[in-house]
Every structure is written in structure tokens, then in C-alpha cells.
Amino acid sequence: MKALLIADHDNNHLSEQTAKALSAASQLGAVDVLIMGHDCTEVASQAACLSGVGRVLLAEHEALKHQLAEPCAEAILSIASEYQAIVSAASTTGKGVLPRIAAKLDVMQISEVIEILDEKTFKRPTYAGNAIQTVQSNDSIKVLTIRTANFATTENAPTSAEVVALDITLGQQRSVHISDKVSDSERPELQSAKVIVSGGRALGSQENFNATILPVADKLGAAVGASRAAVDSGFAPNDWQVGQTGKIVSPDLYVACGISGAIQHLAGMKDSKVIVAINNDEDAPIFQIADYRLEADLFEALPEITRLLS
Amino acid sequence: MSNDPLLQPYQLKHLTLKNRIVMTSHEPAYPEDGMPKGRYLAYHAERAKGGVAMTMTAGSAAVSKDSPPVFNNLLVYKDEVVPYLKNLTDAVHEHDTAIMIQLTHLGRRTRWDKGHWLPVVSASHEREAAHRAFPKKAEDWDIERIIKDYADAAERMKAGGMDGIELQAYGHLLDQFWSPLTNSLESPYGGSLSNRMQFTFDVLSAIRERVGPDFIVGMRYTGDEMLENGISPEEGFEISHRLKASGMVDFLNVIRGHIDTDAALTDVIPIQGMANNPHLDFAGEMKAATGMPVIHASKIPDVATARYAVASGKVDLVGMTRAHITDPHIVRKIIEKREEQIRPCVGANYCLDRIYQGGEALCIHNAATGREQTMPHTIAKADVSKKVVIVGAGPAGLEAARVAGERGHHVVVLEAANVPGGQVLLTSQSERRKEMMSIIDWRMAECERLGVTFKFNTWAEADEVNAEKPDVVIIATGGLPDTDVLAKGNEHVVSTWDIISGDVKPGKNVLVYDDAGDHAGLQAAEIIARSGAKVEIMTPDRSFAPEVMAMNLVPYMRSLQALDTTFTVTYRLQALEKDGSVLKAHIGSDYGGISRVKEFDQVIVNHGVIPLDEIYFDLKSNSSNHGEISHDQLIEGHPQSVVRNSEGTYQLFRIGDAVATRNTHAAIYDALRLVKDL
Amino acid sequence: MKALVAVKRVIDYNVKPRLKSDGSGVDLTNVKMSINPFDEIAVEEAIRLKEAGKVSEVVLVSIGSSKSEETIRTGLAMGADRGILVNTGDPAIEPLAVAKILKSIAESEQVGIVIVGKQAIDDDCNQTGQMLSALLDWPQGTFASVVDIQSADKVLVTREIDGGLQTLELDLPAVVTTDLRLNEPRFASLPNIMKAKKKPVSKVSLADLGLPENFIEPRLIVQKTEAPEVRQAGVKVADAAELIDKLRNEAGVL
């Protein structure tokens, strides 16, 4: 089986996600990696170094500079017939492009693959990860996006793969890139955040709250939450409140720091995938629903976590 | 042995308290003829049964005839109170619960036109804003007799079986002497702090002389009036030290603030939308400074906060008073690890607001509180299980579903919207009213536990109901805003629902004509004022928003006054006329002779709701009772048995606003009272 | 221009899904169902565009059993104008089939913009909008957090991408998929629910759309549906280092 892996990159560097998606694609058969972009030969060289790559296909075109879905799909479709699988990491690009391919090829896509059982059988999460489906596809081409968190990365190979420049013709573009805004300072919103670090009454003051909780949240790219007690005590603003009369959240990871675990708070976060509780009271009710418990002084534990994440 | 800090016993002198949760003194206004009779006893006994460590029963029990009751206070200046107290203390002691009582002389915080029409007395002529009585400045024989009155009352309390007493010094006579703002006496009772406290120590000495050194006597007092030139925190600490040093005070029940205006009172006893436990740290400081046993209450409605208050060492005993008004069985639920089933206090403050208007305390969403003699806190199972169909998942419908579920009936609820809540859902769209939704959330959780079936997105017509083959149908469909009050121009009117739901955006120059006087009018006004509009609230009533009452009014007033809202009473909106983009409001008066025109760009009318009763009338003829409810059976607590149609296959009842626009408590009481006998 | 919004009836986001013990899927009997949250956001956006005068009519489509009419009514109660129910019976329909059906309707209704939720919270596929866009040969603006119709021919879409925001200018007609940050859907008041009862919902079959019955047959065979690996409850970690290690390597959330 020949698989085409769509690389994820920024015209300068190949992303970590591609290396992981590659290890998934390699389970299907021989893999060619497609780099679409503009002035991105460097990326092609990086891809060529990865283990398990057959050929690196380089498609450079002005219209591909920002890897918009429509021209990318067009480019992929021009070579898709040579492959039995089209694979991408479930990155923004992958998620945007691959379904277009699937529709044009009149096949179903399998999104967010977490395990490959064989070349036509895959596991994927549904119902926000509460129900794992094992699906089999008999379509002639398998179109897959890979949840890279579930796959190991690929090491470099001793030798480089061949880089082939493709001659790409694209039609008139009906979507134009205007701007990009990199958000390194903006914290995600509570209700859509994947990770939330939350502080409770035990932080003791607004200064402590900001000095202890915020650095951890920054390191994790997390949103910041607070218990009602912390908000009522003035340690955190109202719109950080998680709970029955605050926001209801369900992130992948919820870190509750110095939060005892009032029923009203639990109502707001109990559906989090993984719950971590850091509290020095071993009887705190929050420990009953925590997946991981750290009985420690949060003024020691949190700075330590911040340090280790650096 | 539990590790829970709240469940640890506490030793107060010779008194062992079985856990750390108490009800602080409060007067729900259940006395009859000024005496704690059956209703009073039943209320406290239920909480004792529920496991509370101590109930401190009466707030402000009056020691003197010139401290007449303003919220149906107990008259402990009468010897006849003793046997009633004995019954009460026996009933509470039966459950291993301790019982105390608060004694006071209200000073200026009462009225001269009540009771024996005696002038109110204080340590100055300063009038209290809340009760509006100009006081007599106390002279020597006033002070003497009041000291004796306190001692007499204390002796009665001991004879009545009380485990202790508490004196009130936050807004009453004792601290009217303490505060420089209300004490203009000369020496020995006015001037320096020692002089200002002299009256208190005289009272304490007289009490001790009667009850002895062992009887527990405590003080509930303000350690910081939070008023310029009033008792400062420094003075408050000094007062605390002196109370301790006197050797006559066994515990401190700490308050911060003052209560002589509605707003100040609300800061001492905060309501929904206000921060929890705002004075807990202060109480902790008092405890740390004095080392005395400390009790404290001030919006600590949830178990986690109560646990923290005790575990952190800030207090020894935590008051969860309003929480127990809502749920008498909090402690039992903690012990049985069923905390999530505790009926939550949502801070609606219907209880306190009713008291301060001279009514009795009722909980907005526990209709059995204050009615323990006729309404059940724990619902008994029915003999026969019936199929009950309820139309509407607002507060009335959900209470009916909950009670029917508890009775073991097979319950199906049909709801038109995708979510439950009805008008409670609507009102909780505003940030400050969010806690109201807990009335709905708690019932949904209970209904889930009881196996009630919900069919959302179902606009029930007769067919849907009949398809369920019901034995009983309860219509709880509420109503829709009724804005047709004008002689002309009703088509230009916007309803409060339109504004609160966001369906209609606020104008710029708006008249809110509030002819119902409940939360909807003020809530809409606040949303509009917050959007930057100029708002006038007009009502034909003599005061505005009478249904909202004093403490609930406070957050609205703070918001609306800051936004320059004007309040116009005694004028009636008669008609509206549209002139281009301007609305001409024709205004008159019930007093006659007035005819004015004012211009606005938007007019909101608040006039309650008109019942949504189509389905009720569609089902009426096929029902066995034609919808009739026997009031006698309802009031006496007997099952409804009216038959007007022997061919009828189901009983039909209507509850809540679907009958007539009233309020949330009425809706829930309608449901409880009907369904408990179903 | 007309806006077409697709709405799906899914398990309510507050309900924890229970799996059938025979591995055949999620048990939906008596479970509360609601409009897919991302679709609710899509309806809200379309209504806002109408309120801003950019869109003349908001048409809702739902594909599924007759119960999907509830979902359309929810959208009508928010302020959409009319609905189309494509009755395909009970079985789940894949995004590929949905996209084909939506294409047929988008073309016959001659809409200027299609707004759909980025994914349904039951299958979590995140494909329908993109597939529809490809089948129509229209540009797409996925994971939109801002939709700004500039003229009859152009729309600016700001989208959430890994590490930030990207703004694109798309030719209309286009397909937009919604992300959480796009808007906060309005409250559907009872008066509006009542008004919605009177708004028209036309019921069509695949045959009415000129589409063959068999094409909604699923391409993927779901062999089984199982619960995720249950982590040992309450694992105690000794220190920060162990916590980070477990979160990274055991839980896979870092």
C-alpha cells in the first residue's frame, strides 16, 4: 500500500506533528511525504531525513504559501490517484484540507485516528472521547487524519530520501490570505480551552493567585479558572469562575490548585477528561474525583511545576 | 469517627455540641400572641431532627414592654413564655441538639405606635432610618428598669430550659450605647468607651446575679460599624477584649457592619448575587485576638465554605441559618454523604424580606418551612401508584414532578422548550439572578434520581397528554406577559421578557412602566440602564417594586441610582401614541386631575402574565373533576376527590401562574400542597 | 442573499453518554437530545447577519428522522425563517452523504452562504462543511471566530488555527464552519417558541431531491464501540516531577 503523508509546516520548519503522523502512516505501507508551500525547500530537506520516507514531493506555488485548503486540495488531487491512503496530522491544515479530498474522491474520511489495526481498520474517538469506535473502510482510497498525541515520533534515518519537485498548476483562487495573528500572549477562553489551571481560596490573595497560578497556565497554554470562594474573596475576577453559577467546562486537563471541591464547583468541571488536584488537605473532597492527586503545599508544588515545564 | 471538620464535637463550657453547624438566632416571625407555640416548635424541632448542633432560636426576643415587636418578636418580658419555652427546649433536646435564645431591647429599632404605645428609647435622639422612630433619650430610671428587664428575662430563659442566651449588640440598645453616633449621654453612660460600655456591663452583671456564673451567656455584636465616626475596628477589638476580660461573656458571635438602613443590613446579611462569607476573615481576626469561642454567620450557604470556616480556625461554630431555612436536614445529608441532595439556599431572601415587612419567613423554594405542622419536608409514599402527566417544567411543574416522584407515582413531564426552567430560567439570564437557577437544577437532579421522564421540545396539546394515558394531569404552563393595560397604543409596548431575553434591544430614552412591582420590572430596567439608556421607572403605586421588598431592592438600587435612573411613583400610564420615531406617553394619576405627555423612544410595561391555559380548557371536559380543586380539601390536607364527570378518565389540576400571575413561592406551594396528597 | 444553516439533533452536551454493553454503540433511549452546540452557534451567526441586513432569509436544514424537526424548531425559535427536514429515517448518516444532500439544497435554494457547525458532538468527524464546500467548488472558512460579509461577493472570515488567528477573504458563495468563540447563542424565549410553531417546515425525502436512496448507506463499518481505557482512580503522585511525567506519558494530556 502506498500512502501520501501531507506535511505540516510553516515554510521553514517541519512540525513535530508530521513526524508523529509519519509513524502512523508507516504502519500502512510505503510513505511519500508531500510538502506544499512557498520557498520551503528547507522543509523538504528536513522531511527527507526522517526514517521511513520513500520520497519527498515538493510542491511550491505562490498560492500554497499559506496552505489554504482549496489550493492544497487541488494540488493533492492532482497526484492522489497514485496512492491508496492520504494521511495528515489532525492539524488545522489537515482538518481543513483532507475532507475536501475525500469528498472529491467520493470516499469517507476517518478523522482523528488513534490506533491503526490494519490497513483498513482504525480506532477513533467519538462523543468527546467517551466512545471509541473501531471502524473499517472498504473505500479504494483511505483518507485519514491522525491524532498525533497517540503516536510516537519518527527518528531520523541514516540516509536522506529523494526530493522530487512537482510542477503544480492551480486554477483561479477564490480565497485570499489576509493576515495571521500569532497568539502567544492571549490565553484561551475557559469554555474552549484544552487545559485549565484553576485556583481556590487557599491561594490567599490576588497577588499570590497571579504569582502562583498564572505562570503554570502560561507554560501549559492553559486558560485560568477559579473557584467561587476565590472570586468572592477578590483573588480572581468573576469571569474566571468555574462552577454551577460560573462557567461549565470540560477540558482535556483540569488542574485544581487549593480547591477543596465544593459540590457547586464540581458541577462545573466534573466532565474534564483528566483531573489533577493539588491540595495539602488529604481529606479535601476534590480528591474523590481526581485522577491524579498531589498532596502538597501548592506554594511549593506549583513553582516546581512551572520550573519543570520550562 | 469522621474526619470532617464540620462533624467534630465542640465543648462550650459544660455544653457539648455534637458538630460545628448551628442556626444563629433569627426571628422567622412564627410566634403566636408573642409566644413560641406549635408552629414555632415544629420549625425548630425539624432542624433539630435534621442534626444541627444548636439552634439559637429567637432573634431579638424582647425583654421590655418599650421594645415592642416589629417582626413578631417573642415577648420574653412575660412570665407566660416559660412553659412554652420548656416545650420547645424539650423537643429540641430530644434530638441531642442544644438550644439558646437571643435577648434584646431594640432601643430605637422599633416603633412607638405598636404594642403599648410607649416612646422608643435610645442613648440619643438619633432616628433609625429603617424604622423611622424618633427616640427618647434614656434617663436614669429607663436605664435601671431595662437592666432589671434583661435580668428578669435571662432568669426566665434559664427556667425555660435554655442552654444559654445571647445578647444583641449590633443595631440594638446595647450598642446604641457603644456607638458615638447614637450615644449623646453624659457620664456615667456616655462619653468614653468605658462609659459607653457601662450599660452593657451593668446588664451583664445583673444577668449573672440571676443566672449564676455557669449559665452560658454570649454576645452577638458588631466589631466594626463600617461607619465614619462609628465603632471602628480598633474600638471593636477593644470592645472584644473588654467583653472577654469581664469574665461574664462565654462566646462571641461576630458581626461586621451596621443595620440601620436596608442597604447596610444587606451588607451584613448578603443576598443572591453578592459575595459569599464577606466577613469571615474579620471573625477570624476576632478569634485570633481574643482566643474566645467564636460563632459567625454571614452568607455561608454551602457546606464547603462552612467546612473551610471551621477547618481554617476562623470560627468554632459556623452559622448556616438561611441554609437551614431551605433545608432542615443539612447535617444528616452530610453524615450520609448525600451533600449533593441538599436543597440549596439560592439567596432569594424571600424569608428575611417578608419578616422585615411584618410577614412571616417563608422560603422561596421550600414551601414546608414555617408550615411544618401541615406540610412535609420528607414526602411519604402513596398507597397507590398513579400515572401523572405534568405540562410545563418551570418551578411549579418541577415541584409537582418531584413530589409525585417521591410518592412513587409514574411521572412524565412535557415541556415546550428544550430546557427546563420557565420564568426562573428567564430571570437567571441576568448575572445577579443566576443563583435562582439552582431552584430548577436541584429539582432536575431530584427528578432524575426519582426516575421522572422528561419530554422536551414538546408543545403539549390534548393528544400528547391523552396518549400518555394519565390518571392525573397537572397543568403548570405558566403564562405570557400581559402588557395590554393601556387604553390606546398597546401595540407599541415592549414586555419585560423581551428585554430580559434579549429579543428586543434597549432604546435610548426609555420608560419602564411597572404595574406589577416585581423583579421583572427592575430587572428589565437595569438591563436597559446598563446599556447606556436614560431610564425612568414609573408606577401608579405609592412606592415602587413593592413585591421586591427591602433587601432585594438593595442591589437594584445601587445599580440604578449609579446609572441616574429616575423613580416616579403615583402616576399612571394611560395611553401611547407613536409620532414618527417618538412615543408619546399620556400620563394621568389615580388622584385625578392630571394629564401630561412625556416623550420616550421605548416603553416597557410590567403587568404580570396572562395564563397559558388553552391546554387546560381543552382537557377540562374529559376530566373527572372539570379541573376543580376543593379548597377545603387542599387546606385540610386531604386528597382531592371532586367528581363532576363520572366518565372522566383523569383528574385535572392547574397550578402556578397558569392559574393567575403570582410568584415563585406560590407556584411551588401550589404544587407541594396538591401533590403531597395525590 | 439567503443563508443556509444545517442543524443536527445530537445527544445533549450535558449528558454523559452510556455505551451499550454489547459494543454496538451509545445508548440513546430516553436520553435528552438537543441541537448540536456548534450548529446553534451557526444559527445565531446567520440570524445576526440577517439583523445586520447582510442576509435576507435564514433557512435551516436537518437530515435525519422525523424527530429532527425539534431541532429545526429550536433554530426557528431563535429567529430563523423556515426549515427543511430531509427525512432519512433513524440510522446515522455520514458526513459524505450529508454533504451531498446539502449540496442539492444549497443549489436549489440558490443560497449565498452556508454556515454549519465545525463538528457534531456525537461523531466528532469535522468533515461535513469542508466536503460540502469541495462538492460545490466553493471556498471554505473553517473554525470561524469572526464572519464579516463585506459585499454580495466577498466575506472576511477569521479562523482559529494552531497558535493563533488567520483572516481570509473568500469569494461568495462560500461555506463557513463555526467554532466556539464565534458567538453566544441567544436565549429562546417562550413567545418565540410559540412563533416558531407557525413558521414553515417542509418535509422532503431523498426522492424529492432527486437523490438515490442507497447513497446514504454508510461507507464505514462500525465494528464496535467501547469505552476509553479507564484510568486507575485517584493515583497519588509524590511530587511535581512524577505528576508531569504521568500527565505526559500516561494520560497523554501534556
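Cβ atoms are placed via backbone N, Cα and C, with glycine included.
Now, the feature entries from TrEMBL:
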BINDING   A:ARG201, A:227-228, A:241-245, A:258-265, A:ASN279  FAD binding site
DOMAIN    A:3-174  domain 'Electron transfer flavoprotein alpha/beta-subunit N-terminal'
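Locations of recorded TrEMBL features on the structure.
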| residue | record | Cβ contacts under 8 Å, 6 or more apart |
| --- | --- | --- |
| A:ARG201 | FAD binding site | A:SER227, A:ALA229, A:ALA230, A:SER233, A:PHE235, A:GLY258, A:ILE259, A:SER260 |
| A:GLN241 | FAD binding site | A:GLY225, A:ALA226, A:SER227, A:ARG228, A:VAL231, A:LYS247 |
| A:GLN244 | FAD binding site | A:ILE263, A:GLN264, A:HIS265, A:ALA267, A:GLY268 |
| A:ALA262 | FAD binding site | A:SER227, A:ARG228, A:ALA229, A:GLY243, A:PRO285 |
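Regional average pLDDT for the domain 'Electron transfer flavoprotein alpha/beta-subunit N-terminal' (A:3-174) in the model is 93. Less than 8 angstroms from a Cβ of chain B: among the binding-site residues A:ARG201, A:GLN241, A:ILE259, A:ALA262, that describes A:ARG201, A:ALA262.
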